[in-house]
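The transmembrane segment annotation in TrEMBL covers 25-47, 53-73, 147-167, 201-225. Residues annotated as domain 'Palmitoyltransferase DHHC' in TrEMBL: 97-241.
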Amino acid sequence: MNFLSTFVTFENLYEIRRLCHWGPVIALSVIAICSTMAILDSIIWYWPLDTTGGSINFIMLINWTVLILYNYFNAMFVGPGYIPLGWKPENQQDTQYLQYCRVCQGYKAPRSHHCRKCNRCVMKMDHHCPWINNCCGHLNHAYFTSFLLLAPLGCSHAAIIFIMTMYTQLYERISFGWSTVKIDMSVVRQIQPLMPFSVPAFAATLFALGLALGTTIAVGMLFCIQMKVILRNKTSIESWIEEKAKDRIQHYQTGEEFIFPYDLGSRWLNFKQVFTWSGMPKGGGFEWPVYPKCHQHTLTIEQLKQKADKRVRSVQYRAVEKYNGACCPISKGLQTFFRTPCTEEPRIPLCKGDIILATRGTKWWMYGDKVLSEEQMRAGERVRGWFPRRCVEKCHYDTAASDSTSDKKVN
């Protein structure tokens, strides 16, 4: 009902346009193909509805499809929650701890960040996901993560149906020779199904099996990543801010201790911040429960320090391995391959010796600007995107040189 009420209250068709994008088109196509083929294979060839087991299996397949679509559309249409345009904190003194967004003409609330795709400041922004064509943030984090859990479970069930269908239908039609395997689709089976299992049916089932297995692995990996983030009550953007905070403290030897303010010290407490019985997360998106030694603006103050410090605004790295700009480079390791960023932002090819100013990143990937020659910079060229972390190493800093490089980049 929550989804239906959200759908009905649309004042215009703007939100529906989110479906007109390659991400939702591919995602919904995979769901439709796997669900349809699993249902057809079950009731026609593998497990007819005239048996108790077949009826239970059919209900489970329908249940998976409904739950997957429910959470998927909620993640897309409920959205992450946006900071109102021109927002200011109730206490005007708090503005000194907050960043100002020139696009939204207002202050960024704690944990919020501006998304260039949505063109709005997003509450507790984790990332912009092309598969839902929306940001993953405060209001839809639970729906998004539930979708990431249910999709592999449903696809695993479908994959078992596909395998058993092909096994039962081909068992009496396969003959093995010394060096050959022959499949005779014209052989009549003892138990006649509702429809003959023809070559097109076999091809469609095999194709659906490939989609189901691929989805189970890929989406299952994303679920593990999201759960790791949720149990620490931390977003991917905040992980990068924390990494730069430790780098700043180490470089200047300030002796201060940076404590991430939103980790409540218990995985269960962190989990309950996102998942609730009502389906809506705790909090209004402007104030958050914090660790006892911290306060509401601990992280925003750290962001302001990093913004004022040109050295940590972008961390300088040097390429030590060549990278051709592939989206999922298998040659850079399985972790890099499976944990490629799910974003429309480009990848940048690297050659040994290239200098990159990284502005954010994950454990396996980084995002930043490649330092170009003066001629390229005068021509207005800019190379920005993602690259594997294993292909670069952090440069040893000369503060003056780093400031000079940053000034050139800004100018």
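Glycine is treated like the rest: Cβ placed from N, Cα and C.
Predicted automatically and left uncurated, TrEMBL annotations should be read as such.
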The domain 'Palmitoyltransferase DHHC' (97-241): DSSP-derived helix, strand, coil residue counts: 73 helix, 22 strand, 50 coil
Leading contact stretch, 25-47, 53-73, 147-167 vs the transmembrane segment (201-225) - CB distance under 8 Å: 147-167
Residues of the parent chain within Cβ reach of the transmembrane segment (147-167), under 8 Å, 6 or more residues beyond its termini: 31, 34-35, 37-38, 41-42, 45-47, 57, 60-61, 64-65, 67-68, 71-72, 75, 197, 202, 205-206, 208-209, 211-213, 215-216, 219-220, 222-223, 226
